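Input: a single structure, listed below in structure tokens.
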Amino acid sequence: MAARLCARCLPPAWLCRQAGQGQSRHYRAAVCTELKQPLTIQEVAPRPIGPQEVRVDVHFCGINFADNLVCRGQYQEKPPLPFTPGMEFSGVVLEAGADVSTVKKGDRVIGVSNFHSMAEQCITDQKTLWRIPENVSLQDAAVLPVSYGTAILAVDHRARIQPGETVLVTAAAGATGLAVIDVATNVFCAKVIAAAGSDEKCKLAMQRGAQSGVNYSQGSLKDAVKKLVGSSGVNVAIDMVGGDVFLDSLRSLAWEGRIVVLGFAGGNIASVPSNLLLLKNISAMGLYWGRYQHQDFAVFSKSMSTALQYCQQGLIHPHTGAVFKLEKVNDAFLHVMQRKSTGKVLLSLK
């Protein structure tokens, strides 16, 4: 049974004021009340929206590795307790503030939020919402923000992949890995080698567009890549694992190759041997998609609108690996943390 979250326990922004026009009943939310402890489902009183804000009836919310980290106090952003995790969602506009011009009540939208979208309602600024084209489902749209926003910037903005180039993608069966494969093969006409930790995950990555797969749990990634492409190497490596997998990816690059670091899912952050960069004129770079929201919003927003456009045109095909109900949010977190997931894991709020 959902618990009632008392006003005394909430940050000031959450406090329920006198009900106004468009304001609705209490809604359910997954709430972190103590770090490193299971989330609880609580009833939250809605607050009035500001003039630039939009209230959204959330249908789907993505679950990301960062959500677990923030609930453990291990993320770079540390919201005060209690808080609701969740940074991406899809849904329908319930109410728009007086100065909102980009969306209206009834519009289907995707959006990003600062860790508060694992709830039946979410309030966010109008500029962090994008309307969903008619032929794109709410579920497919919910897969797009973090995974495809990252993939598009990694493939185009950072690596600048060209048609016919060979791209090595690690953690290839994860949500972002599959998104990178999708964008690189179906939009940029690249040849992708998918690297993952099991034969089943490699098979899925190949079904989603990769030309070949390498199970790096069975031996040297570098040696396996060399067997596929010879001594010339790959043009681009996009790594989300870190540690030895990053180093093998770096050593697999061709002359003037590029490597893009998206994360360290393996838990180890490798040091970059600068002599390898020098000898092959290699470019090593990082990509933290969420940072663009604050540093270069035009680039951030374009990655979202581009993802929606690609989806509308049928160029990309978002993959949902599993869907959990809100009541099973802790099972969903465990599913992601135990590396059981492939593709995007979603919470369904309906």
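Positions of Cβ are set from backbone N, Cα and C atoms, glycine also.
What Swiss-Prot records for this protein:
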type    : residues : note
MOD_RES : Lys36    : N6-acetyllysine
MOD_RES : Lys201   : N6-succinyllysine
MOD_RES : Lys302   : N6-acetyllysine
MOD_RES : Lys328   : N6-acetyllysine
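On the backbone, the CA of Lys302 (N6-acetyllysine) and the CA of Lys201 (N6-succinyllysine) stand 30 Å apart. A separation of roughly 29 Å, to the nearest angstrom, links the Cα atoms of Lys201 (N6-succinyllysine) and Lys36 (N6-acetyllysine).
Between the C-alpha atoms of Lys328 (N6-acetyllysine) and Lys36 (N6-acetyllysine), the distance comes to 17 Å. Shown are the modified residues Lys36, Lys201; the one with the most C-beta atoms within 10 angstroms of its own C-beta is Lys201. Cβ neighbour counts within 10 Å, taken over all protein chains shown, single out Lys302 as the most crowded of the modified residues Lys302, Lys328. DSSP assigns Lys36 (N6-acetyllysine) to coil in the three-state reduction, placing it in neither a helix nor a strand. Lys201 (N6-succinyllysine) falls within a helical segment according to DSSP.
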